[in-house]
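Over in Swiss-Prot, the protein carries these features:
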type    : residues                       : note
BINDING : Arg22, Glu92, Arg132, Lys455   : (6S)-5-formyl-5,6,7,8-tetrahydrofolate binding site
BINDING : Asn238, Ser257, Ile259, Thr262 : K(+) binding site
BINDING : 238-243, 257-263, 282-285      : GTP binding site
BINDING : Ser242, Thr263                 : Mg(2+) binding site
DOMAIN  : 228-381                        : domain 'TrmE-type G'
REGION  : 43-67                          : region 'Disordered'
Amino acid sequence: MTVDTIFAPATARGRAGVAIVRLSGPRAATALTLLAGRLPEARRATRAALRSPPSGPGPTGPGPEEGGEVLDDALVLWFPAPASFTGEDVAELHIHGGRAVLAAVLGALGDLPGLRPAEAGEFSRRAFLNGRLDLTAAEALADLVDAETQAQRRQALRQADGALVRLYEGWRKTGIGLLAHLEAVLDFPDEDLPPEVETAVRGGIGALADALAGHLDDRHRGERLRDGLQVAVVGAPNVGKSSLVNRLARREAAIVSDIAGTTRDIVEVALDLGGYPLVVADTAGLRETSDGIEAEGVRRARARLAAADLTLAVSDGTVENGADDPAADLTGEAVLRVVTKRDLLDPRAVERWLARGALPVSTLTGEGLDALEAALESRARAFFEGDGTPALTRQRHRSALMEARAALRRAAEAPLAELVAEDLRLALRAIGRITGRVTVDDVLDVIFRDFCIGK
């Protein structure tokens, strides 16, 4: 099968000090020689004047004096296969990051025969197909590029380092061992194997199912770390929810008005507290209303409250015994009680609220905001810190493990050894899909389509 040589910027487009253009494929060496005048020593950065290729290169490629227009003064690197990111011949051009320079170099590469621009994620896809990455490592690479907080960075690096694949491959090898023992019973019925073999296999299958169940019972911790802990800010109308969100965001994200019912849709802001990502949602005030649009906002607020990982239940601090305060009805470990208008409270009122477990804040002066942020960070840390095992990071992994767990539980209860073996095979197949041991093109398309072009 003919493999194209692909090229793309590996850095973000736009004005920058340096841009990197990556090439991968069988004509990478030829392209590098044509532009740089020679093939540099492998894995050693070499300075070269990049020139547009001549219309008719000689059999050994042009020398520097034979090339066309100078495009840039660059550093070039050459990574011969298989010791490269993709497992193919790879070249990198480190050029000045101006738009015109990048456009000129990409244009010159596009004029060369056998080269084409890469599709999104195509470099990583080739790395997977050539055995340089498993699927979890490829996904971790995408997560690392997207990481905005330190906790996200640490999780992505841990997954890229193979923490998940080691866990899943360990389970898969355990399952293969169990299947081998079971198939020995099925394939050699006359060998008088002890009956304890099948009993031990069933016990091992049950233990494996329990291990998967424990891994799945994680409150979606890994996915939340990728996407942000969902925090809903709820309460009655006009208690200062939008002002509180604006204070947390350090910007005017939500409209603030003295008119009750101003907020009618969800307004989200992303926060980084102590390296943990939070998505804080300002919601419509909870009340009965005949206004159709406001009623829809209240419905959405209740839906966001039901789906939230953490709730900020906000009340007006100047009203200590509000009979119709919806925030007062919200309790539990996933609720932080917040009262606003601290600047209007005397010290004794502040102490009374604190004694009731509430956090008094002033959105006008910022007083109490540090304590609220510290409480949010503490809740986020408690949510994200696990038992030390790698976290599930994608719904694709979760779905496959749920499928494997169901198959293992069927296997543990199956009346016939043949049925046990079949369900065990299904479980192993599901686990193998996570790392790419078992895969189909449709799965690869979904995984790699959201990558950067140069990844």
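Glycine residues also receive a Cβ, built from the backbone N, Cα and C atoms like all the rest.
Feature map: Swiss-Prot annotations on the structure.
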residue : record                                              : Cβ neighbours (10 Å)
Arg22   : (6S)-5-formyl-5,6,7,8-tetrahydrofolate binding site : 25
Glu92   : (6S)-5-formyl-5,6,7,8-tetrahydrofolate binding site : 22
Arg132  : (6S)-5-formyl-5,6,7,8-tetrahydrofolate binding site : 18
Asn238  : K(+) binding site                                   : 17
Lys241  : GTP binding site                                    : 30
Ser242  : Mg(2+) binding site                                 : 24
Ala284  : GTP binding site                                    : 27
Once the DSSP letters are reduced so that anything not helix or strand counts as coil, what is Lys241 (GTP binding site)? helix
Pairwise Cα distance for Glu92 ((6S)-5-formyl-5,6,7,8-tetrahydrofolate binding site)/Asn238 (K(+) binding site) [Å, integer]: 57
Taking each of Arg22, Arg132, Ser242 in turn, which of these binding-site residues have a Cα lying within 10 angstroms of the Cα of Ala284 (GTP binding site)? Ser242
Using Arg22 ((6S)-5-formyl-5,6,7,8-tetrahydrofolate binding site) as the reference point, find which of the binding-site residues Asn238, Lys241, Ser242 has the shortest Cα-to-Cα distance to it. Ser242
Can you tell me how far the Cα of Arg132 ((6S)-5-formyl-5,6,7,8-tetrahydrofolate binding site) sits from the Cα of Ser242 (Mg(2+) binding site), in Å? 49
